[in-house]
Amino acid sequence: MKKQESVLVGPSIMGADLTCLGVEAKKLEQAGSDFIHIDIMDGHFVPNLTFGPGIIAAINRSTDLFLEVHAMIYNPFEFIESFVRSGADRIIVHFEASEDIKELLSYIKKCGVQAGLAFSPDTSIEFLPSFLPFCDVVVLMSVYPGFTGQSFLPNTIEKIAFARHAIKTLGLKDSCLIEVDGGIDQQSAPLCRDAGADILVTASYLFEADSLAMEDKILLLRGENYGVK
């Protein structure tokens, strides 16, 4: 087993107190989050509704953190420009949501932000390598998209290893990162790091009230010691 390495941690704002998103964004910043992950759901691609460009803009006004917008929507082309205007720094679209993936990823980059491609748990990643040159990040969903609080899907680990091998083979180690989204906690994070993940997105684990402070949970997810002053 390879040595665990520190990763980037991005809390999903969907798990926060939605009545005070500005305050929550500031708390995430102060706790040492690397970025904020914003889930956009349209009620069709996934069976839930969440935010729109106005919420992205409000969060952007509340924090200096990098904003990652995860578009779990059909017809993503229609919304890219509004997401960018609202303050998105990276936009993730789903492989299952469009037939023109390469064109979509290229368009996102043309708009001046980073582009990511997400794969839902039941989608084969057999053809992932052909899309990697167009991506700044590839997102492997480790829960079914739509709701927080789900358990980590163990078969994600072999997907991470597959993606890591493909990125290395294509010589994209410095330009394409692997992100794992869903069910990330103290148990699943080390497995993801060991398999080759670069970025972890977490929600329930980070926001649930227990004896650990938020900043300590972030350090644990990164694989770093906490409680040392």
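Using the three backbone atoms N, Cα and C, a Cβ is placed for every residue, glycine included.
The shown structure was predicted, so the numbers you read here are calculated from the model rather than taken from an experiment.
Annotation comment: Swiss-Prot describes SER12, HIS70, GLY146, PHE147, THR148, GLY149, ASP181, GLY182, GLY183, ALA203, SER204 as substrate binding site. According to Swiss-Prot, the feature divalent metal cation binding site maps to HIS37, ASP39, HIS70, ASP181, an assignment based on sequence analysis. What Swiss-Prot lists as active site, proton acceptor is ASP39. If you look up Swiss-Prot, you'll see ASP181 marked as active site, proton donor.
Features recorded in Swiss-Prot, as mapped to the structure shown.
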| residue | record | DSSP class |
| --- | --- | --- |
| SER12 | substrate binding site | strand |
| HIS37 | divalent metal cation binding site | strand |
| HIS70 | divalent metal cation binding site | strand |
| GLY146 | substrate binding site | coil |
| ASP181 | substrate binding site | strand |
| SER204 | substrate binding site | helix |
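Across the structure, HIS70 (divalent metal cation binding site) and ASP181 (substrate binding site) place their CA atoms 10 angstrom apart. You'll find the Cα of ASP181 (substrate binding site) roughly 11 Å from the Cα of ASP39 (divalent metal cation binding site). Comparing GLY183 (substrate binding site) with HIS37 (divalent metal cation binding site), their Cα atoms are 14 Å apart once rounded. Shown in sequence order, GLY10, SER12, MET14, ILE38, GLU68, MET72, ILE92, VAL139, VAL201 are the same-chain residues outside HIS37, ASP39, HIS70, ASP181 whose Cβ sits within 8 Å of the Cβ centre of the divalent metal cation site.
In this structure, the binding-site residues under consideration are GLY146, GLY183, and the one with the smallest number of other Cβ atoms within 10 Å of its Cβ is GLY146.
On the backbone, the CA of GLY146 (substrate binding site) and the CA of ASP39 (divalent metal cation binding site) stand 9 Å apart. When the Cα of HIS37 (divalent metal cation binding site) is compared against those of the binding-site residues SER12, THR148, SER204, the shortest separation belongs to SER12.
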